[in-house]
Amino acid sequence: MEVAAAVGVIASVPILYKAIRPRIKTSVECWFCRKSTKVEYQQRNSFTCPSCEQYNGFTEDGDYNRRIPGQAWTTPKRYCEPGKMQSEKPSTFLDRFGGVNMSPKASNGLCSECNLGQEIIMNKVAEFEPIDEDRWNEELEDYRYKLERMYQLCPRCTIQVHGKLEEDKKKYSYLLKVKYKLKHAIGSTLREVMNNQKRSRRFFFAGGSTCEALHFGCLISSIILFLANIDFLQQDAGASLINLPKALQDILPEVYKYSFVINFLIFTTHLIAAFNNKCRVTLPDLLLPILLILAMLTVLTSSDNLSQDVALVRGACASFSTILSMAVTLLPRKKLHKKRPNKIVSSAFSVASTPISQCSSQNSRNASLLDHDHTILRRSPHTPSASPPAMNSSPPLLREITNGPVWSAMRSRENKENMQSYQTKPNNHVESMDWDDSESMAAQSVAQSTRSSHFKPGLLSRNINERMTAQQLTPSVANLNLDTRSVDSPSIFSRQHRQMAQQQNHTPTRSLFGPPRSMVASQYDRSHYMAPEAHTRPGSVFTSVSQQDGHSTVSGAWQCRVIGILFALVFIVLIMQIGLFYVLFTRN
């Protein structure tokens, strides 16, 4: 009985389903607009979408499953249907615009003629076939341009189109602002990053191939030693925090036994890499050896009572050493400063760059000129009627300057005037000395003392009793005479002294090349009777460097503070790691 009831129920289920299912609507999706709608169950493969009014009914081949009358309709389909007629009363500017086609507008804002022209353009573009397939885009653009020129919009529709474009531009202008803001933000960020990179000048793996290979070896060794300490602590505590591979678990106990040797190798390798490094030393480079020494000391400590604490300290040192090794290997560094020799000529703080050195160089140059003149005057030091020296006897430093025709003429005229003044001077005026002329001789002695120095006399010293122009008062390097030597003339030089002073007063013109060579004889003879003077060396010229001592002291104090704070943070982190390992792996 029960079996018959079960068979009857099973047989009645399909019958009930076929009877009830057609009465329930099913949900379908339009193939064109992708919108869902509910239709009768029998029409699930042949329905018209209420949204897009398209027929949905297809065969297995993808064709329609019935004949569609619209496919055989020859009337061209209009993409823009004309709307309702507006009132005859002009309400807008476009309606009051005269002299244009006032045809009724469609729903898109264009008149019927312009809509027809746009439809023709679309059809012709769809039927376009290029002559050359390689120039398909160029030919299409030319063809479209010709069609738009042929079917132009009327003035009314042209204004309507421009108004619509301006309205859309105002409506969506915020999108352009957002675009420009994003572009500016991204560009400024990239520029800042590039500028910071150029300013910092930090480079990855710039220490050299040998140094980077040693750093990488230190990193690998530190990681292996850290895993060995973790495995030892796990086995000692009976916990399993990290599941390591079986092969690695077999090797790590052997590595832990030789932890002292591995730490020593890491320490030695790090020192060798530091000496061969082409970059600057950083803080991890200084902290890593300290931690390695501490780890080696924990290995040397052997006490049963402190075995657990020593293991925790050893694990903390291994973990922190791994972190520092990663920082040493992977962080960018600045390169070392280029070593440049401190040459006297090129150094900014050398003696050659000071005014004293410039004057001393001018002093030596003038002394060489006077020595050259002395060698010429040794031939006839007391013959005023001697012929003037030739131009080729001038020193080499002035030969290039005085080889021009203008300077040669000036020098020859000066020599002639000097020789005439020697020949026309009376002898009694030279032999006797009148003591009433003491005041004039005092001024002449000042000029003579200026002339007796090793510097080439300046314009002010050579024309002290003459009227000078503004061009002659222009300062020169020769006037920077720091060796202020004033020696009184002895009595034995009274004849030469009066002779040079009187000749200076009677000489009408002066040259920029110093006194005439006939006047240098007294200076040469005077050098035999003058006692050599001790030249005092100038003070230190490195004053600009010493002035920075205060700033360097302040910056050094700040550096000491920063280093102290960093060391304190390192030890605080180390103590926290020791406490963490102690809490995790301490036995109850």
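Just so you know, glycine gets a Cβ as well, placed from its N, Cα and C.
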Using the topological domain names from Swiss-Prot, determine whether Ser36 and Arg280 lie on a common side of the membrane. yes
Is it possible to list how many residues within the topological domain 'Nuclear' (276-280) are helical, extended or coil according to DSSP? 1 helix, 1 strand, 3 coil
Could you count the residues of the topological domain 'Perinuclear space' (234-254) that DSSP puts in helix, in strand and in coil? 13 helix, 0 strand, 8 coil
Relative to the transmembrane segment (255-275), the stretch among 213-233, 281-301, 310-330 with the most Cβ pairs under 8 Å is 213-233
Over the topological domain 'Nuclear' (276-280) the mean pLDDT stands at 88
